[in-house]
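Chemist: Quick one: structure below, then a few questions.
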Amino acid sequence: MEKPAQRATAIIVAAGRGIRAGGGEPKQWRRIAGRSIVEWSVNRFAAHHAGFDVVLVIHPDDEWRLNGLDLPTTLRVVHGGDSRAASVKAGLAVCCDAGHVLIHDVARPCVSLAVIQSVLDATRAGGAAAPALPVTDALWRGDTHVSGTQNRDGLWRAQTPQGFDVSAIRAAHAAHDGTAADDVEVARLAGIDVAIVPGDEANLKITGPEDFARAEALLTGGDMDIRVGNGFDVHRFGPGDQVWLCGISVPHTRGLQGHSDADVGLHTLTDAIYGALAEGDIGTHFPPSDPQWKDAESHIFLTHAVELAANRGFSITNADLTLICEQPKIGPVASAMRARVADLLRIDVARVSVKATTSERLGFTGREEGIAALATITLVAR
């Protein structure tokens, strides 16, 4: 009878403190498609049919971040050190002496079960293995100018997980007290031969802000979280000599009436954002019964909605506003309105449309009793 394979351990190294990926916190705790990067990476190994014992190495200050995460109950959590090597050593310290270990960077949440299996099979067969992709781009040498080229034959882009015999890699790390690019370098310095198995372009390492969108597309199968919100508002004319529309003062024989400055354009855009977020409307956040909002400038409301969207992880990608009125004429000030709206939404003016129409003299707008506005906003999760 064939002897069953020994159970393997997976060490997820997640003790880093770097925040260059943005977000104001270590990247492994940021969320992608509703889950933290830690959850994605840990559960990749927990879901593998090999039945890994999973060890998560974190910084001591991050212990509280585990609360409420979707992690396996069998997960072992240990505290890492001041360097990656120290964190790997902490993880290896709790591994059993026999068997094999796969060491994985938490910042690669898109690793496939196939890559994990390939590394595990090659490690069991030869004692050590790691995934990599051949370098296909031309390589240059130089600083601000090209001083030469580099032959790319035999060059590889390293990935994780990197697999080893537990005892061998533990001894290699114990003997190594310097810096190393990864565990393969530590292993080679100890005389361990490491096999190369095919890597995967999807197994990207999240390093900069732009990598989050790529990772989300990979993890969700390209099914991005896109929201569309609609807004509609009406304000009647009253005494005055100007109207505020889209943050621009437009001279007119009458003004618009309202609790605030009655900017029907900004109100409609604000409600469209709240609608896309399922966050009610302006009245929910700025009740007209509250005297502090009497005669308030409407950009306050729109800025609140924009910041709420950003805090929820959404970017505004498009805004389309239609003003419905007979007077005043919108065409002469439409460009200024677009620029002001783009500034408030924090997007390029090319993503903002402000246009006007009439109701062919029908209804209250046709009778010039007021102005109506309709807006559509598109939000995309970052």
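Any Cβ shown, glycine's included, is placed from N, Cα and C.
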Chemist: Can you pick which of His259, His267, His285 Swiss-Prot lists for the same divalent metal cation site as Asp233, His235?
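Modeler: Record check against Swiss-Prot: divalent metal cation site with Asp233, His235, extra candidate from His259, His267, His285 is His267.
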Chemist: For His235 (divalent metal cation binding site), which DSSP three-state class applies?
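Modeler: Going by the DSSP assignment, His235 (divalent metal cation binding site) falls within a strand, counted as strand.
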Chemist: Could you say whether, by DSSP, Lys205 (site 'Positions MEP for the nucleophilic attack') belongs to a helix, a strand or a coil region?
Modeler: coil
Chemist: What is the number of other Cβ atoms found within 10 Å of the Cβ of Ser260 (4-CDP-2-C-methyl-D-erythritol 2-phosphate binding site)?
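Modeler: Other Cβ atoms within 10 Å of Ser260 (4-CDP-2-C-methyl-D-erythritol 2-phosphate binding site): 20.
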Chemist: At the Cα level, what's the spacing in Å between His267 (divalent metal cation binding site) and Ser359 (4-CDP-2-C-methyl-D-erythritol 2-phosphate binding site), rounded?
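Modeler: One finds 20 Å between the Cα atoms of these residues.
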Chemist: Per DSSP, to which secondary structure element type does His267 (divalent metal cation binding site) belong, with helix, strand and coil as the options?
Modeler: helix
Chemist: Residues with Cβ closer than 8 Å to the Cβ of Phe364 (4-CDP-2-C-methyl-D-erythritol 2-phosphate binding site), same chain and 6+ apart in sequence?
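Modeler: Same-chain residues close to Phe364 (4-CDP-2-C-methyl-D-erythritol 2-phosphate binding site) (Cβ under 8 Å, separated by 6 or more) are Val234, Arg236, Gly370, Ala372.
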